[in-house]
């Protein structure tokens, strides 16, 4: 997976005569994997839409995502000695989201003009994007599993085990994501299209490889994490519903928002990609109107997915009691001039409660 402008074969109406003289053409998404005997559809409208929409969207997500996840990382690192297992996963999640949005300015330039950064940076940027795309989804699954064990089974897997257990889990997640990104190091390259007189960062492999990569993206980057989150949070809700207290009600609202946000952000994109893949495989009829609609839908829905990187700080940190208390403590430590900072600094008893690892407080204190 790379941002949508890099997954589309650019084509102008002026090239139609050229294509009629050639019996084969790389039909599809900016990769050289599909050959057909009929010329592709003009993509002037979808390309113009991308040149306007994607740079603005990517720039906005870059600023918001870097700022929000940067704040989360700074606040968590300010009290490293007191980090719980969930806090550690949140820290890695913030790093993953920040690194993902860090590549968006490069893809914004690619969408607005062309790829001007060479094949080396093309491979690195594509791999970095995908590593952190997979890491974000898998770390969310780790957080849900950790909370499931803590609340449903009252088991502190990481707290009671060796201190390196959570670190090894994170290393395993990053290693798996690096493995998933190997196709980017191998097949991504900067390619110049003489007909368009433009260069773009694109994949270069057969259609079968492209389909396999999409299946990997769908299963490892969406379906499996979503199933883990849905199962774990459904069991958590079953426990919380039979309990009472305002704290647990807040926890119940939070776990519902977590799953809904992930599903709403990424489900539309994967549905559109599924339709596009079925069109590539011939299972769905391809026509110019449908192709243009799918191209635009991929751009819009992928933007919705990337927005999840900006939502994570809000859902997992700013909504959490423990994070807000840590943030005020950090502001006081840095010498916040506003008297309200001192007024909102938590008392010792409140800090002790929110840092506890009991079944009730450990989740609501996220």
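Yeah, the Cβs are placed from backbone N, Cα and C, and that goes for glycine too.
The compositional bias 'Low complexity' annotation in Swiss-Prot covers 355-366.
Neighbour list (residue 122 (disulfide bond), Cβ cut-off 8 Å, at least 6 residues apart, same chain): 115, 188, 189, 190, 201. When secondary structure is read from DSSP and collapsed to three states, residue 122 (disulfide bond) falls in the helix class. Among the features that Swiss-Prot reports, disulfide bond is placed at 122-201.
The N-linked glycosylation site annotation in Swiss-Prot covers 22 (among others) and rests on sequence analysis.
The N-linked glycosylation site annotation in Swiss-Prot covers 30 (among others).
In this chain, no residue six or more apart from residue 197 (N-linked glycosylation site) has a CB-CB distance below 8 Å. The N-linked glycosylation site annotation in Swiss-Prot covers 197 (among others).
Swiss-Prot lists 25 (among others) with the feature sulfotyrosine, giving similarity to another entry as the kind of evidence.
The sulfotyrosine feature in Swiss-Prot is assigned to 27 (among others).
Under the heading region 'Disordered', Swiss-Prot lists 341-366.
Per Swiss-Prot, topological domain 'Extracellular' is recorded for 1-55 (among others).
What Swiss-Prot lists as topological domain 'Cytoplasmic' is 77-88 (among others).
Sequence annotations record features per position, and here Swiss-Prot assigns topological domain 'Extracellular' to 110-124 (among others) based on sequence analysis. This prediction places the mean pLDDT of the topological domain 'Extracellular' (110-124) at 93.
Taken from Swiss-Prot, the feature topological domain 'Cytoplasmic' covers 146-167 (among others), and the record attributes it to sequence analysis.
The topological domain 'Extracellular' annotation in Swiss-Prot covers 189-221 (among others), and the record cites sequence analysis as its basis.
Feature annotation from Swiss-Prot assigns topological domain 'Cytoplasmic' to 243-254 (among others).
Feature annotation from Swiss-Prot assigns topological domain 'Extracellular' to 276-299 (among others); the stated evidence is sequence analysis.
What Swiss-Prot records for 321-366 (among others) is topological domain 'Cytoplasmic', and it gives sequence analysis as the kind of evidence.
Spatially, the transmembrane segment (168-188) is not adjacent to the transmembrane segment (222-242); fewer than three Cβ-Cβ distances between them are under 8 Å for residues at least 6 apart in sequence. Most Cβ pairs within less than 8 Å of the transmembrane segment (255-275), among stretches 56-76, 89-109, 125-145, 300-320, belong to 300-320. In summary, the transmembrane segment (89-109) lies against the transmembrane segment (300-320): three or more C-beta pairs, each 6 or more positions apart in sequence, are under 8 Å.
Stretch with the largest number of CB pairs closer than 8 A to the transmembrane segment (222-242), among 56-76, 125-145, 300-320: 125-145.
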